[in-house]
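The structure under discussion appears below in the form of structure tokens.
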Amino acid sequence: MASSLLLALLFLTPTTVVNPKTEGPCPACWGAIFDLESQRELLLDLAKKSILDKLHLSQRPILSRPVSRGALKTALQRLRGPRRETLLEHDQRQEEYEIISFADTDLSSINQTRLEFHFSGRMASGMEVRQTRFMFFVQFPHNATQTMNIRVLVLRPYDTNLTLTSQYVVQVNASGWYQLLLGPEAQAACSQGHLTLELVPESQVAHSSLILGWFSHRPFVAAQVRVEGKHRVRRRGIDCQGASRMCCRQEFFVDFREIGWNDWIIQPEGYAMNFCTGQCPLHVAGMPGISASFHTAVLNLLKANAAAGTTGRGSCCVPTSRRPLSLLYYDRDSNIVKTDIPDMVVEACGCS
């Protein structure tokens, strides 16, 4: 197991680059010795660093505006639906986020209600807002109808007053949840980190007859954000079993409650980080575990024989396939973010 920790440090840390042609044996073959508890602590520290790095966070978020359990449960239920088919090819992936921002009330009266939505500054770092949905709850008298204008207000550069950029008309005829798909003006505002919506009924109504619900019915905006991904090639490998010393995948589970992160990570409760460990003889160099063909094995064996006695280089057991970690969490602004963090779960290992 001494090699497993070194491999995890070498191949799961994003900033580390390993060159198989480096002189000397593979670092996995070095004789460093760690007790089991030290290995576990270092692997947990590595998992925390990897998650924070890939979420572009310097430290875990401290929740400044906690969201009530009722509002969180309701928002997730409203957004939950059938799984959408991807439009991407199998060898192309894109990093996607869904960010949920709950409303703060800036102005409320009989005639209008103004809602403020705050998004993290990371939205402006090259991310594309693909869709913005506004969801709100209305309590309305029975057998009544009301027309409501929903205005998108933005603060333009070098201006101190909000400017009306677009307006939507919604017919309200019953109590319940209403959903409105917002246009490019709202998407641009979300990208800049702040969105203001103003709700104005067309006719005068009593204050008690039109109420935007709070607590479990708190209004929110859900923004879908996308970042271009990289090409992936999936390769198969083998899992570690028994006393085998060949290159394989060792399972390792990270429990978010154990590391004290269950307050800001909503789902899942943990994830299987996994890592690669084991030996790689020269004749299996470049093979994905033992799944390569017999012809490839023979060619590599010939190359190994030709190199015998002329080199001290070794082959390393490295990840050959990874998959993303689906995460639902609170960001610095207490917004709820749903995303897939790429390359977090090692699925297969092979020899470099």
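Quick reminder: no glycine exception, Cβ is built from N, Cα and C everywhere.
What Swiss-Prot records for C240-C248 (among others) is disulfide bond, and it gives similarity to another entry as the kind of evidence. Mapped onto three states, the DSSP output places C248 (disulfide bond) in strand. Neighbours of C248 (disulfide bond), defined as other CB atoms within 10 A of its CB across all chains, total 21.
According to Swiss-Prot, the disulfide bond annotation covers C247-C317 (among others), on the basis of similarity to another entry. For C317 (disulfide bond), the count of additional Cβ atoms within 10 Å of its Cβ stands at 29 [all protein chains shown].
Residues or ranges marked as disulfide bond by Swiss-Prot on the basis of similarity to another entry: C276-C349 (among others). C276 (disulfide bond) has a Cβ environment of 30 other Cβ atoms inside 10 Å.
Within 10 Å of the C-beta atom of C351 (disulfide bond) sit 30 other C-beta atoms, taking all shown protein chains into account. Sequence annotations record features per position, and here Swiss-Prot assigns disulfide bond to C280-C351 (among others) based on similarity to another entry.
For N111 (among others), the entry in Swiss-Prot reads N-linked glycosylation site, with the evidence type sequence analysis. Secondary structure at N111 (N-linked glycosylation site), as computed by DSSP, is coil.
The N-linked glycosylation site annotation in Swiss-Prot covers N143 (among others). All protein chains shown were included, and the count of other CB atoms within 10 Å of the CB of N143 (N-linked glycosylation site) stands at 7. N143 (N-linked glycosylation site) falls outside any helix or strand according to DSSP and counts as coil.
Mapped onto three states, the DSSP output places N161 (N-linked glycosylation site) in coil. As annotated by Swiss-Prot, N-linked glycosylation site applies to N161 (among others).
What Swiss-Prot lists as N-linked glycosylation site is N173 (among others), and the listing cites sequence analysis. Its own atom aside, the Cβ of N173 (N-linked glycosylation site) has 12 Cβ atoms within 10 angstroms in the protein chains shown.
If you look up Swiss-Prot, you'll see 1-18 marked as signal peptide, on the strength of sequence analysis.
A simple way to gauge crowding: the CB of C247 (disulfide bond) has 30 other CB atoms within 10 angstroms, across all the protein chains here.
Cα separation, C317 (disulfide bond) to C351 (disulfide bond), rounded: 5 Å.
Geometry remark: N143 (N-linked glycosylation site) versus N173 (N-linked glycosylation site), CA distance 7 Å. The Cβ of C280 (disulfide bond) has 26 neighbouring Cβ atoms from other residues within 10 Å, across all protein chains displayed. The most densely surrounded of the disulfide-bonded residues C240, C349 is C349 (count of other Cβ atoms within 10 A of its Cβ).
Counting other C-beta atoms within 10 Å of each candidate's C-beta, the glycosylation sites N111, N161 are led by N111. The recorded positions listed here (N111, N161, C351) include C351 as those with a Cα within 10 A of the Cα of C247 (disulfide bond).
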